[in-house]
């Protein structure tokens, strides 16, 4: 038997190497935790007033009461932040557990590289944008606050883009070797970021409406109608894109319509409680949009179930790029 000391250079190069950790990748995960925890702490301080003087107005719901708008939802809707944070913790728990898990090529968080540095850095940026928004919103800097919210929404879209592309590139290998991980990523990462992005998009529209009303002097009712029209356009455009253009990437991302439905129910609830009915123009439009969003939600669920059964992803076809990369690294793809 040849000892390790007597191996030739060629034999040493061909000998399988033990899996190795990547300290840089672990640090990325650690900082992802730190930024989320920091955001949660500041949100708690905003809601509780535990540090006198740090925040003046208090919660975002209080801000909406100070600057009433016909499409501001009832205060209970803002509890959706708890769901957003819970989902954030869930996907971070998943990627943290991957540090300790191995596959045939090494540690799971290393290969395949499903969450590249750009993904985590964008997460940091998003969380700091939301923290800055809390302060600007509390100081009533409405224009700046809306701009930060819009940037936060786009950063979340970019994170979804990165994750969708990486999962699709490695979909054949994941389907064959790690199907549970594929579903966990779809459930925790894709849907978690989607609920975050959807709500921040709606919040941006709400903030934009308040800015137009109280900074530019436009009619509250007309501005609210315009924001509902924008939301309708976003819902319809996304419905077309996700079902016809990006279907293979976001097939199992199902929460956006649910977030829209909850927000619209909150608007209707506030109309009923403060106006005693739904006779006003924007109340009627909101009811119509609620009907459209509910139908889209039901249709989307039904379509996903049908496609899952009749057109399963990655089962019978392997993309050419994945085949070429498999010759180099056993089926893993890590390119954007």
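The chain as shown is numbered from 1 upward.
Cβ atoms here come from the backbone N, Cα and C positions, even for glycine.
Automatic prediction, not curation, is the source of TrEMBL annotations.
Remember, predicted model here, so these are calculated numbers, not experimental data.
The region 'Disordered' feature in TrEMBL is assigned to 1-20.
The list of residues near the transmembrane segment (25-44) in space but at least 6 beyond its ends in sequence, with Cβ under 8 angstroms from a Cβ of it, reads 50, 81, 85, 88-89, 92, 95-96, 99, 109-110, 115, 117, 120-121, 123-124, 127-128, 130-131, 134. Annotation source TrEMBL lists transmembrane segment at 25-44 (among others).
Annotated transmembrane segment per TrEMBL: 50-67 (among others), in sequence order.
For 74-94 (among others), the entry in TrEMBL reads transmembrane segment.
The transmembrane segment annotation in TrEMBL covers 114-136 (among others).
Taken from TrEMBL, the feature transmembrane segment covers 143-164 (among others). Packing against the transmembrane segment (143-164) from elsewhere in the chain are residues 114-116, 118-119, 122-123, 125-126, 129-130, 132-133, 136-137, 185, 189-190, 193-194, 196-197, 200-201, 203-204, 207-208, 211, 215, 246, 249-250, 253, 336: each is 6 or more residues past its ends and has a CB under 8 Å from a CB in it.
The transmembrane segment annotation in TrEMBL covers 193-214 (among others).
Here the transmembrane segment (226-246) has Cβ contacts under 8 Å with residues 71, 164, 201-202, 205-206, 208-209, 212, 253, 256-257, 260, 282, 285-286, 289, 292-293, 296, 300, 303 of the same chain, all six or more residues outside its ends. The transmembrane segment annotation in TrEMBL covers 226-246 (among others).
Here TrEMBL flags 252-272 (among others) as transmembrane segment. When Cβ-Cβ distances below 8 Å are used as the criterion, the transmembrane segment (252-272) is approached by residues 70-74, 76-77, 80, 160, 186-187, 190-191, 194-195, 197-199, 202, 231, 235, 238, 242, 278, 280, 282-283, 286-287, 289-290, 293-294, 296-297, 300-301, 304 of the same chain, each at least six residues removed from its ends.
TrEMBL lists 284-306 (among others) with the feature transmembrane segment.
With Cβ pairs under 8 Å as the measure, the transmembrane segment (193-214) is packed most heavily against 74-94, out of 74-94, 114-136, 284-306.
Below 8 angstroms of C-beta separation, residues 29, 32-33, 36, 39-40, 43, 59-61, 64-65, 184-185, 188-189, 191-193, 195-196, 199, 259, 262-263, 265-267, 269-270, 273 of the same chain, each at least six residues beyond the ends of the transmembrane segment (74-94), sit close to that stretch.
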